[in-house]
Amino acid sequence: MAAATEENMSVAALVMSVPDNIGRSPEVEGGGAAGEEKDAATKGTVAVGDSEEDGEDVFEVERILDMKCEGGKNLYKVRWKGYTSDDDTWEPEVHLEDCKEVLLEFRKKVAENKAKAVRKDIQKLSLNNDIFEADSDIDQQGDTKEDTSPRKKKKKIKYKEDKSPDDLRKKRAKMGKLKDKFKTELESTSEILGFDVKTKKRILEVKEELKDSKKPKKDEIKETKKTKRADIRDLKIKIREDVKDNRKTKKERYIDSPLESESPNDSFTLEDESEDFLSDNKEKQNVRTAKDKTGQDTVQESIFEKHLDDLISIEEAGTRVRRKKKQPRKFEEPKEIKKLENTNNFLERKMIPKKQRNQDKGRSNPELSKLPSPVFAQTMKSLRLSGEEKGLKSSDLAEEEKERKNEPKEKYQKRYDFDKEEKARKEPKGLKSFKEIRNAFDLFKKTAEEKNDLENNSKREEISLDYKITHDNKTKDKCSLREERNTRDETDTWAYIAAEGDQEVSDSVCQTDESSDGKQPILSLGMDLQLEWMKLEDFQKHLDGEDEPFITANRIPSNLLRDAVKNGDYIAVKVALNSNEEYNLDQEDSTGMTLVMLAAAGGQDDLLRLLITKGAKVNGRQKNGTTALIHAAEKNFLTTVAILLEAGAFVNVQQSNGETALMKACKRGNSDIVRLVIECGADCNILSKHQNSALYFAKQCNNVLVYELLKSHLETLSRVAEETIRDYFESRLALLEPVFPIACHRLCEGPDFSTDFNYMPPQNMPEGSGVLLFIFHANFLGKDVIARLCGPCSVQAVVLNDKFQLPVFLDSHFVYSFSPVAGPNKLFIRLTEAPFAKVKLLIGAYRVQLQ
């Protein structure tokens with residue numbers, strides 16, 4: 001009878017532990033132990049409804065201190081009347097159904113705190129670890145909280161013993177339904193009380209909680225640590241002793257009274273104890289099943305002991321990690337309380353006879369450990385929580401160590417961390433030493449770590465404070481770019497065109513850089529220029545390459561000079577070119593790339609000016625015919641194109657595929673480069689290898705502005721040429737049609753001009769008609785073109801299909817007789833050499849009629 005009573009009371013303790021597996025009052029925690037002592041004293045005299053526990057044990061809720069969300073459920077921290085802060089427990093909302101007024105009062109206070117926080121100014125969140133303490137215990141806030149909340153009673157739930165295993169199954173099903181119902185109710189309440197992490201209210205709420213919360217004193221922290229360690233040790237010893245005692249009692253129970261091992265129907269009721277025993281055969285079978293059951297129990301007890309040892313070792317490891325911290329986390333205490341509760345529940349689960357698992361005899365031994373026991377599930381959950389807690393502690397330690405290291409550098413890094421980050425994304429313009437590159441990499445790495453710290457400290461926020469700082473830095477960069485454009489407008493006419501037309505190109509050429517002393521971000525024009533103190537005269541000297549010389553005793557080899565030009569290191573190039581060393585500035589690599597081409601392809605305007613002033617040639621050609629101007633036009637560098645054109649770069653040079661700089665600019669759709677090249681005398685009618693003109697590439701890029709610009713320029717050239725012919729012949733010559741499109745040739749690009757064209761003669765040639773070749777001197781003044789059939793240029797020979805053509809007038813070499821044949825024709829013109837002449841020649845042939 002005594003054994004049966006103990007078994008039934010332990011079953012009742014298991015059922016009572018089911019709804020309290022999340023958070024339990026201190027009286028409920030001690031209920032199981034008190035019940036066992038009572039059973040030992042009464043020895044079977046307890047009847048249903050006659051014991052003292054049949055009365056209602058009343059616990060009054062004094063107030064609700066805090067709320068948190070764990071596992072999708074809202075838990076409330078409850079202060080019980082007559083108990084200290086050490087006895088506070090986390091209770092689900094379901095346990096507070098009789099205390100709705102207290103719950104509503106707590107929610108009202110939360111809403112009032114929100115309203116107060118909205119009125120305050122928004123300040124930056126501190127990057128320390130105090131953010132993690134926002135949802136910690138508020139044990140020290142007793143004087144700030146009001147005690148005016150009404151006191152309600154929480155009744156202890158009384159569980160009656162089941163009459164049969166069928167009733168137990170029904171009760172389990174009901175409990176499962178209740179759990180589902182509780183989950184839905186908790187989800188609905190969490191949706192109502194959930195904070196919007198995408199708004200600034202959450203930030204303000206965290207600040208308010210940070211201000212209201214107080215850190216526990218060091219003495220109290222030490223005392224709580226000592227008590228926790230002592231509790232863990234006592235619990236471990238108690239568990240092992242209970243397991244040993246349980247083994248002994250079971251063995252004695254099955255050896256001394258094997259007939260007392262009843263069937264599963266007899267294990268759950270007190271009334272069935274008076275029934276007759278089974279037959280002798282059934283008794284023998286029960287003895288065998290009892291022995292088998294003891295064997296299974298011993299196996300499971302060993303698994304259980306290992307399970308508990310692992311759990312306690314994890315807790316001890318957690319306490320070791322906690323010793324290293326300066327300030328312990330408050331929110332970790334509820335988790336440790338839960339671990340103690342879970343171990344107690346596990347112990348109660350172990351003390352219960354395994355008769356419930358005999359109900360399903362078809363299950364194997366591993367399946368027995370997977371029974372729908374809420375205690376076992378809660379224990380597994382506590383293991384997961386302890387693992388997560390351990391990870392949190394290790395991450396917190398790393399964060400604290402990093403903060404201690406970064407404290408003296410925070411002020412310096414706050415101003416420049418985002419500038420460094422943006423600078424690292426862009427292609428570096430200057431050749432830096434190894435130490436500078438390493439420092440920049442370290443600083444970039446630190447800024448990335450700081451971003452991770454911000455994300456870890458504000459997990460509930462999606463609004464990042466980094467956005468504001470980066471936005472401010474971007475506005476500063478834009479302002480500095482405007483100042484730089486204004487300076488260049490006053491000094492360089494070509495750069496004025498660049499800043500007026502193409503902002504994107506100027507942004508890529510003139511990037512913001514940071515000074516080496518770290519005081520103020522300054523502009524970088526391919527070198528370390530400090531424009532805040534540089535005057536206009538000094539800047540003009542810099543543009544002309546006449547600024548202060550740099551002298552060094554060390555010789556810089558040619559390969560390092562080439563690397564410096566490629567990387568945009570102005571100082572290194574300046575030092576090398578001002579030294580006594582003689583360099584071949586027109587040196588080429590395996591592809592024919594010169595230093596000027598490298599500077600032009602990289603958009604290094606300062607290096608390009610420096611090389612040009614030192615005598616580098618701008619019209620070098622690679623093996624495929626590419627020039628520095630073609631590189632600059634292809635890379636869309638407007639100011640670089642302007643510098644090269646001013647230095648005398650050839651505009652009509654063709655690559656091996658027949659493309660020119662004008663075609664490259666049309667491909668990129670840059671109307672400013674197209675206008676600049678056209679005004680310098682680019683030929684719009686040159687055909688590529690695939691018989692495509694610049695007008696074709698303008699159509700391909702779908703840029704209407706570029707297409708209209710080319711079309712209007714060609715129409716202007718044709719109109720000016722026809723008007724010049726009529727004025728020259730005084731309307732005695734009628735122009736019928738052009739033989740080939742009008743061409744443009746710059747005399748400085750060479751004395752030879754050649755072109756190919758197809759001619760289709762008309763079927764009926766009227767009398768007095770023929771074909772004449774005209775060579776005009778032209779000047780381009782913006783959109784205006786002035787042409788004349790005279791000038792200093794001397795035409796030496798005109799050859800058409802290997803036949804010399806004769807001039808019409810003996811005293812003029814600008815009008816020639818022209819006899820093309822049907823089909824393809826090849827024209828060659830030899831002019832006098834004038835490498836420095838800026839005159840442009842328009843060449844066209846017309847079928848004319850004498851009047």
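In case you wondered, yes, glycine gets a Cβ from its N, Cα and C as well.
Residues or ranges marked as compositional bias 'Basic and acidic residues' by Swiss-Prot: 159-169 (among others).
Residues or ranges marked as compositional bias 'Acidic residues' in Swiss-Prot: 269-278.
Annotated compositional bias 'Basic and acidic residues' per Swiss-Prot: 279-295 (among others), in sequence order.
For 329-364 (among others), the entry in Swiss-Prot reads compositional bias 'Basic and acidic residues'.
According to Swiss-Prot, the feature compositional bias 'Basic and acidic residues' maps to 401-428 (among others).
Counted with DSSP, the domain 'Chromo' (59-118) comes out as 29 helix, 24 strand, 7 coil. The feature domain 'Chromo' is assigned by Swiss-Prot to 59-118.
Here Swiss-Prot flags 80-87 as region 'Histone H3K9me3 binding'.
Annotated repeat 'ANK 1' per Swiss-Prot: 591-620, in sequence order. Shown for the repeat 'ANK 1' (591-620): DSSP residue counts in helix, strand and coil, namely 16 helix, 0 strand, 14 coil.
Averaged across the repeat 'ANK 3' (657-686), the predicted model reaches a pLDDT of 92. Positions annotated as repeat 'ANK 3' by Swiss-Prot: 657-686.
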State the non-local partners of the repeat 'ANK 3' (657-686) in its own chain: residues 6+ outside its ends, Cβ under 8 Å from one of its Cβ atoms.
494, 497-498, 500-502, 505, 624, 627, 629-630, 632-634, 636, 638, 641-642, 645, 651, 692-695, 697-698, 700-703, 705-706, 709-710, 713-714, 741-746, 780, 782, 840
Tally of residues which DSSP labels helix, strand or coil - the repeat 'ANK 3' (657-686)
17 helix, 0 strand, 13 coil
